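Trainee: This is the structure, below, for whatever I ask next.
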Amino acid sequence: MKNSVSDRSFYIESDDEDEEKDLNNVDQGNDSDDSHEWNDHDAMRKPSSYSMAWPQSYRQSIDLLGSVPSPNIGFLGTTSLSRLGSSFIVPPLIKRHPPVPDTIPSAKKPLLQPTDIDDQRRSSHSLHPPHLLRGSTRNVISKVAHDHEVHFSGQCTFGQAVLNGINALCGVGILSTPYALKEGGWVALSVLFIFSAFSFYTGLLLRHCLDSEPGLETYPDIGQAAFGTSGRIFISVILYSELYACCIEYIILESDNLSSLFPNAHLSLGGLELNPHVLFAILTTLAILPTVYLRDLRILSYLSACGVLATTLVVLCLFWVGLIDNVGIHSKGTTINLATFPVAMGLYGYCYSGHAVFPNLYTAMANRNQFPAVLLVCFALCTVMYAAVAIMGYTMFGEYTLSQYTLNMPQGIVATKLAVWTTVVNPFTKYPFTTYALSLTPVAKCLEELIPLNDPKFNLYSIFIRTMLVVSTLLVGLSVPFFGLVMSLIGSLLTMFVSLILPSACFLKIKWGKISQIQVALCVTVMIVAVVSSAFGSYSAISEIIEQLFG
């Protein structure tokens, strides 16, 4: 996955005539499967001013998702599906400009970014290769790596992108889909499909925003391009808040499931009695804490491939218990529950919270024209799985459905033990991938950027920041130990912004005057639905939490 460019020179033919010819070829064939071959002239990305602004570390932290060494799925990358993704899925409502060339075929993208403190804080001029120089003579562009390797994107295959996309989309939210159906009734299932369609559409909007001008690589970059520095800061705060909240969910998840496995566990410390929920929450935090200090995630990143397999196994266990172990179908359910319907909207909104990753996933693809097809496969598979689990779980447990269906499964059955243990172990295998790399590391690094670079106590401050972040997730998780309600609040208050509102708003601002009225109407519709859902869902979730705490 890596190819050092230390002490290496790149020789580039940069004749004006040749460049003009190459650009014409790109414009004529940008919808072809082989359009990524336009990088064959070793064109390099110019330094981007966007990566100079806070948070500079966002791309570095999230980019792990685009370089996970997951196996390639050959049949998913067929020519017909690729063309479907670049033509049928995305109608030419707007003229799409080809992405800025940013790959060098002979150089491979490193698995991880530099771990040295100075390298982490380096400006965009050292993070990106120089732009292709114009002239009639051969230009020599030399890049000497300083204690690390230069980052090159564009090495992720179609199959790897699909696996990474599914792993980002299909997480712990699937455990609460039956509970969402119970809270909202059968009508709530339509919300799942609506959010799926809207989220797929806004994922495509992020792609068009990235292609709108050179230098855009991350979600905060899009916010800056649309609304300036204030837009970048606002989007970054929303993203980091969502990622941090995911850590709280994992603490609650581990506490709930380990308590179900060992209901009699307790610990007495002097006059302090720790019940199973508190005990396992503390133990989980202690187990997670060492990973927070790791800066080289290459070893841990290989565990992320277990995420999709573990999620599938937990789903199969539910169907095994219902169909094979004769738990059976006991409930017809209710049509609609108006009182708690907004909670269901928040839960289903949380299911599609992968948009923070999509820009990095897109820029990491070898053939970016396949990105719509990647999104289609990811959303289709995840939505089918969400719906199947919701229907099966709700018909099995009815009005007794808990926030995690693993807590409803009958004890003593092999499938139940397998499902619960997989749920317990899965966050630890995915922690470096989703909670550490995707959640905690970006938050920690953005705070570390506020520390002066030459501060001799930087490492000490860094350890303190990362420790306090983990400890704070424990304290919040113990204070509000309601997995389903916290998930609904996150989905309503944060995910609606990240997945629906902000992509539509940024797209309208960046592309205003260049898009059709149909596109404008679609974006406005998505924003209105998201704002209404966010308002009602947040209010309902907060009310339920207050009632649980003080009622």
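Note that Cβ sites are derived from N, Cα and C of the backbone, with glycine treated the same way.
Quick paste of what TrEMBL says about this protein:
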REGION    1-49  region 'Disordered'
COMPBIAS  33-45  compositional bias 'Basic and acidic residues'
REGION    99-129  region 'Disordered'
DOMAIN    156-542  domain 'Amino acid transporter transmembrane'
TRANSMEM  186-206  transmembrane segment
TRANSMEM  233-253  transmembrane segment
TRANSMEM  274-293  transmembrane segment
TRANSMEM  299-324  transmembrane segment
TRANSMEM  336-358  transmembrane segment
TRANSMEM  370-394  transmembrane segment
TRANSMEM  463-483  transmembrane segment
TRANSMEM  489-508  transmembrane segment
TRANSMEM  520-542  transmembrane segment
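Could you place these features in context, so I can see how deep they sit and what lies close by?
Mentor: A Cβ distance under 8 Å defines the sequence-distant neighbours of the transmembrane segment (186-206), meaning residues of its chain 6+ beyond its ends; these are 89-90, 177, 180, 219, 222, 333-336, 341, 344-345, 348-349, 351-352, 355, 358-359, 362, 372, 375-376, 379, 382-383, 386-387, 390-391, 499-500, 503-504, 506-507, 522-523, 526, 529-530.
Same-chain neighbours of the transmembrane segment (370-394): 33, 76-77, 81-82, 84-86, 89-90, 158, 161-162, 165-166, 169-170, 173-174, 177-182, 189, 192-193, 196, 199-200, 203-204, 207, 311, 315, 318-319, 322, 331, 333, 348, 351-352, 354, 358, 361-362, 401, 405, 408, counting only residues six or more beyond its ends whose CB sits under 8 Å from a CB of the stretch.
Listed by sequence, the residues of this chain that lie at least six past the ends of the transmembrane segment (463-483) yet keep a Cβ under 8 A from its Cβ atoms are 176, 244, 247-249, 251-253, 255-256, 277-278, 281-282, 285, 288-289, 292-293, 403-404, 440, 443-444, 447-448, 544-545, 548-549.
For the transmembrane segment (489-508), the list of distant contacts is 195, 198-199, 202-203, 205-206, 208-209, 219, 222-223, 225-227, 231, 235, 238-239, 241-242, 245-246, 249, 342, 345-356, 515, 520, 523-524, 526-527, 529-531, 533-534, 536-538, 540-542, 545: same-chain residues at least six beyond its ends, Cβ to Cβ under 8 Å.
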Trainee: Look at every Cβ pair spanning the transmembrane segment (336-358) and the transmembrane segment (520-542), keep those 6 or more apart in sequence, and say whether at least 3 of them are under 8 Å.
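Mentor: Between the transmembrane segment (520-542) and the transmembrane segment (336-358), which are separate recorded stretches, there is contact, as judged by 3 or more close Cβ pairs.
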